[in-house]
Amino acid sequence: MATSFKKTSIQQARISKEKTTPDGLYWKNLQTPVIIKEYGAITDVNFCPTSPYNFAVTNSMRVQLYRADDHQPVGTVSRFKDVVYSGSFRRDGGLLVAGTEDKLIKLFNPASRSLLRTFKGHTGPVHVTKFLDDQFRIFSGANDKTVRVWDIPTEKEIHIYQDHQDYIRSGVASMSSQDLFLTGSYDHTVRLWDARVSDSVMTVNHGGPVDSVLMFPNGGIFLSAGGNSVKVWDALAGGKLLATLTNHHKTVTSLCFCSNYERFMSASLDKHVKVYDVATYQVVHTLTYSAPILSHAVSPDDQVLVVGMADKMLSIQHRKEEKESDEHKVRQTRKSGRTRGHAHTMRTFVPSKTDSIVTMKRKELLAPYDKHLKTFNHHKALDAALSLRIRKTTPEVTVSVLQELIRRGHIRPALSGRDDSSLCMLLQFIQKNLSNPQFMGTLLDIFNMILDIYGMSELVNSGPIQSLILRIKELINTEVHLMKSVQEIMGSLNLLFNAAENNAVPTRSSSVEKVEDMEIDTNLTNGRSTVGSKSKAKKEGSDTERKSTLMSIGSLASSNNGVNV
């Protein structure tokens, strides 16, 4: 019985696809961002804790108020004479406070935008203004290195804290206590304050200037951001460091919670916003923006994400409505469920145990090149694989057919007897795909065979073919140069790795243990160097073989009519 024809195996390139996670799907379910240009760099974004969750955008000499549902402006607080910072809502949404470059703190009614109070006392620009949880006091931090607590009804200063040694740039009030709050400073410290006492109750060293702080609702854990790191601290354990997150490569400027405090986000000057799981402190999703990010916030209902950037641009993204996603799913289901005729109305028949099942043989459809290979017409098989549609859209099919012809031993007859137009087509394909590492080996072999079959004296008589050969020559020279550069870089890296391994010597208290460990280290290093030398020799051998293949093309081309390849 004759065996069935085996189709040509197409070598597909392995493409690493991004893993789909629930968090990835959740944060990708956002609408196209609405971009609004403000009057200056957006230093703070703050959502009103009560519905309808309007948000305040602090920039230049104003605080702009927007509606969360349709991102339309509802008002502008502009009664400032200088740059304004840290526009923040009170917990009930009834008041708005902001600090200014001219050393003042101003309190407003966000509904009428009228000025209610002005607090004076700081001797430097005020960058931090927040409400304490009792709603009747405000704390502030300024460039005068002081933290102050103010009484709203009397407009008086209650406490002055002078423990910080540098500018204060961040602060957050505890949601579990009316008296506790955090501040972060450029003196590398984060301090926990109690408004009932005159000194800080806890101090931790972040290791760099602190740009943002965040505290969990229960007050037991807080976070600090400075430099390219975010650190997690346990307040109940006396400021114990729990984790250090270094997922950004530039300064982290903003922190906020999302997803009902099950996730938190960090924004950075590297144009990325990263989402973390509060249980594992691992990044679960990353959002990318067009400019360095100075501030960001998420609405309490998790429906709106607002990002403020250094180039005065404000990005507002709303979560897609469930109706839209449901309609999309229905459309996809209808498309996938379409069948021919009345097949969709037929019931599924379940055979019984006594029934004899005869499978229906379907006619196998073959591609044009497979049809020619099945009839051993190798010349036409190659012509079919070089058709415009296949060689442009799926070059891996053309290369797979060439590999199949090499495996069968009929590649030379398939390449022989071709006219100038057919050779130009083949050489153009080689030139376009030679740089692909997946195809390089096969195409170099085919190019060698073309030079061997036709000879340079015949090939250079045609102008188009001669120009293609010259282009392939330049491409090969470029590839050889790149290989040399890669080898040099790998050699430098090997030297660095070896130096790092040799310098890493463990330290022990006993001199006898030191000697024994050094002997073990020496043996291990010798073993590694032996294995490394073998693998390096093997690698150099493969590189030398590839170089010899490339240079052989040059030697074949240089022997004819002054055309050097």
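Start at 1 and count along the chain as shown; that gives each residue its number.
Placement of Cβ uses the backbone N, Cα and C atoms for every residue, glycine included.
A quick note: this is a predicted structure, and the numbers were derived from the prediction, not measured.
As annotated by TrEMBL, compositional bias 'Basic and acidic residues' applies to 319-330 (among others).
According to TrEMBL, the compositional bias 'Basic residues' annotation covers 331-345.
Taken from TrEMBL, the feature compositional bias 'Polar residues' covers 522-533 (among others).
What TrEMBL lists as compositional bias 'Basic and acidic residues' is 538-548 (among others).
The compositional bias 'Polar residues' annotation in TrEMBL covers 549-565 (among others).
The residues of the domain 'U3 small nucleolar RNA-associated protein 15 C-terminal' (350-496), classed with DSSP into helix (H, G, I), strand (E, B) and coil, number 110 helix, 0 strand, 37 coil. Residues annotated as domain 'U3 small nucleolar RNA-associated protein 15 C-terminal' in TrEMBL: 350-496.
If you look up TrEMBL, you'll see 319-345 (among others) marked as region 'Disordered'.
Look at TrEMBL and you will find 519-565 (among others) tagged as region 'Disordered'.
A Cβ distance under 8 Å defines the sequence-distant neighbours of the repeat 'WD' (119-160), meaning residues of its chain 6+ beyond its ends; these are 83, 85-86, 88-92, 95, 97-107, 166-179, 181, 183, 185, 191, 193, 195, 198. Among the features that TrEMBL reports, repeat 'WD' is placed at 119-160 (among others).
If you look up TrEMBL, you'll see 161-203 (among others) marked as repeat 'WD'. The average per-residue pLDDT of the prediction over the repeat 'WD' (161-203) is 94, rounded to a whole number.
The list of residues near the repeat 'WD' (245-286) in space but at least 6 beyond its ends in sequence, with Cβ under 8 angstroms from a Cβ of it, reads 21, 23-24, 26-27, 211-214, 216-217, 223, 225-232, 292-298, 302, 307, 310. Look at TrEMBL and you will find 245-286 (among others) tagged as repeat 'WD'.
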Helix, strand and coil counts within the repeat 'WD' (245-286) (DSSP): 0 helix, 24 strand, 18 coil
DSSP residue counts for the repeat 'WD' (161-203), split into helix, strand and coil: 0 helix, 23 strand, 20 coil
DSSP-derived helix, strand and coil totals, residue by residue, for the repeat 'WD' (119-160): 0 helix, 24 strand, 18 coil
